[in-house]
Each structure stands twice: as C-alpha cells, then as structure tokens.
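One structure is given here, and the rest of the page talks about it.
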Amino acid sequence: MEFNPVFSELNSSNNISNSTDKLVVIDMYRDELSNRMAVTLLPVMVVLGVVLVTGMAGNTLVFYIYFFKFTSSSTRTAIIALAFLDLLTCAVCIPGEILDLRFSYSFTSQILCKSLRTSTTVILVASGFTLLSVALDRYQRICHPLQKQLTSKRALYRIIISCSLAAVLAVPAAIVYGLAEIETPIEGITGLECSTIKSLTNRPLRIAYNALLFTTFLAAFATMMVIYVLIGRQVLKQTNFRRSVQQRKGSSDSLRRRTVCSETSSDGDHSLSDKMKELSQLHEAIPEHGSHCVVNINVQPGTNQIGRIEARVSRKNSVIHLLRKMSGSVDARTRKTTTMLFFITLVFVISFLPHLVLKVIQALDKHFSDSLTTTGVIFYNIFVRSYFFNTAANAFVYGFCSPKFRFECRTVLLRLAFWVKSKPISAQTEDLM
C-alpha cells in the first residue's frame, strides 16, 4: 500500500525539520488512511444511513400516533418511551457510529468519543429494562387480571427507574472507552480510533464491566422469555377452557331447550301458576346468547303478565350477551397487544445476537479481526452494530400487529401527501394575487 507523498516524507527523516512538521505529516498520514478505509467501509455507512432514515421516520410516526391518537394506558406509555429512545438512537448513536467509521484512523475528540459510547450504552440498556417492565405488565394483565393493574403514571415511574439504572450501569463506559491507538502500515506510527482504551484492554475493570453487561443482558433475556412462556401457557389454558365450556354449554342448552319446549306445548287444562312454573324453567333454559324458545301457553283473555315476564327475560339475556361480548373483546385486545409487544421484545433480542456472537469470537480469538478479508471487514462492521437494526424494525411490527396504528398511520401519510401536493398550487395562487 503506497501513500505518496506522505509515505516518502515519513520514511525520509531529512524531510522533517522539526517536531511540529512531523506531527502535521503524521496527521496527514492518518487522514489518508481514514479516507482509504472510508471507501472500504462505505457499504457499512450506507446500511447505517438506511437504518437511521427508516428508524427516524418510523419512530416519529409511532411517537406521534401513540401520543395523540391512543388513550392513556401503561402500554401506551411504554411504547412512547421506546419510540423516544429509538429516536435518540437515530439522532445521536447512529450518526456517532458513522463518524467513527469515517475517521477510522483519525478520530481525535476524546470528549465526543466518550459521550457517544456512554449515550449508546445508556439508551440500549434503558430500552432493555423498559421491555422487561412491559413483560411484567403483560404477565400481570394476562395471568392475574383481577389484581391491581399498572397505571400509566406508575408505568412512567418504572421507565424513569429503568433509565436511571441504565445511567448507573453506563458510568464505567465513560472510563473504559476513549481514544485508542491502533497500528498502521508504518512501524512506530499509530492511528487514533474511538474504542476501548488500550491501557484498560486486559485490565480487571474492562473485563468486569463487559462481564456485567453480558450478564445483565442474559438475565433480562432469560427473565423476559420465562415471562412470555408463562403468558403463552396461560392464554392456551384460557382458550382451551373457553372452548370446553362452550361445547358443554351448547350440548346442555340444546337438551334443556328441547325439554322445556316439549313440556310447555300445553293443553289448556293447566292453571296459570303451573304455566308460570314452566316459564321459570324456560328462563333458566334460555341460552345466554339471547335466543329463546317459543312457548305456546293458553292464558285467560286479557292477561298479559306472562308476556311482560318473557320480555324481561329476553332483555336480561341480551344484556348478558352484550357484557360477555365486551369482555371477550377486551380479552382479545389484551392478547393482541401482548403478542405485539412480544414481537417487539423478540426483535430487540435477535438484533443483539450477531453483535454478541462476534464479541465472543473476538474474545476467544485475539487475531480474528486481523484475518478478515475486505468483504469480511464490511460484514463484520455491519453485524457488530446489529443492535441498531431494531430501531428501524419496530414501526413495521406495530403496523403488522395493530389495525388502529395502521389506520392512523395511513391517515397521517395521506394528509402529508395531500399537503405536499397542494403546496405548489397554493404557492402559484399567491404569486397570482
């Protein structure tokens, strides 16, 4: 690899008159290395740029729609918080990573480096803790629906606590990360990158911190998976129970209707009190979905008491049917929301897996990065930042699982399209006036 004229100046000590000139030439050399590496890593920056734009647009929609179009609830609070954290990721963390890739050998700001690494750690850990809080809320609603449920205010308190814990866990990041020297093709000259400080590479602090983050991730992941398994088992039990009850109820109602109808096909010799007993039996036999058996009872002319009682029975069962239908609708919405939030959690966990796998391989093989080809370097730099992918995917999960979100999203986009379409027309109108 030849870098002219920088290489020739560095290799010829006679061309460097003093230390100031030498530093200038070294900086030029680092910039040249960064420019060359930026060309190689351009596909990585393009991928991150796509994630940034998609995540910014999608999470802006999520934030707006859930903030203005959904009623207050613990779920709404959590989704708004997740969208806000994803927006911070798109606005701060991803641009910082692109900056790091662009200046692979000449990253010179210590403060910026520490700020970017610390903020990324805070946001990612806060998102994980928020999803854990969501899983606990879902478990309470599905498995213990009669107990006191989480309110939107208490959900906000939990999110604040999650962010505070994340900030505490991220404190060591400000110490561990910073400007680190890396080797260059010229011996004795190093580049500067935003990474783990070399003096802490094999020190107990860095090892303990990485172990802490890894253990926290595994513990949160295991807890969330156990919670959702318990939720799934409870939903399955409820579904099977409802199905068995409906089957037993259907056969029982059918038998009781046939019995009552046969007994109430009267001959006119029974007294009115006997008919009232039969009507009472009929009230118990009417199925709860509101249908009824037509009863042929001979009553003395001018008496309408039975008709009134039969009307009340019909109205009572209609209310029961309505209440049961509303309850079933609420249960169905709860299950759908739980499914949606489970997918959000699953996407978050899956997005971390490539990053963790690569970090484990690096820990086991110290020369792993040095053995990569150009294509390998590109894919490595993409997947080592895989934890950013969920920021772009979340909006699609909401759109897939929530009909109301799809409707509101379509409404917003149509209004935006009509506004853009009408803007040139209004401008032309103003010009004519």
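We count from 1, first residue shown onward.
Positions of Cβ are set from backbone N, Cα and C atoms, glycine also.
According to TrEMBL, the features are:
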- 58-398: domain 'G-protein coupled receptors family 1 profile' (DOMAIN)
- 247-273: region 'Disordered' (REGION)
- 41-67: transmembrane segment (TRANSMEM)
- 79-98: transmembrane segment (TRANSMEM)
- 118-136: transmembrane segment (TRANSMEM)
- 156-180: transmembrane segment (TRANSMEM)
- 207-231: transmembrane segment (TRANSMEM)
- 340-358: transmembrane segment (TRANSMEM)
- 378-401: transmembrane segment (TRANSMEM)
(Q) Would you say the transmembrane segment (378-401) and the transmembrane segment (41-67) are in contact under the rule of three or more C-beta pairs closer than 8 Å, pairs 6 or more apart in sequence? (A) yes
Q. Mind checking which residues reach the transmembrane segment (207-231)? Cβ under 8 Å, same chain, six or more beyond either end.
A. 121, 125, 128-129, 131-132, 135-136, 138-139, 142-143, 169, 172-173, 176, 338, 342, 345, 349, 352, 356
(Q) On average, what pLDDT score does this prediction assign to the domain 'G-protein coupled receptors family 1 profile' (58-398)? (A) 80
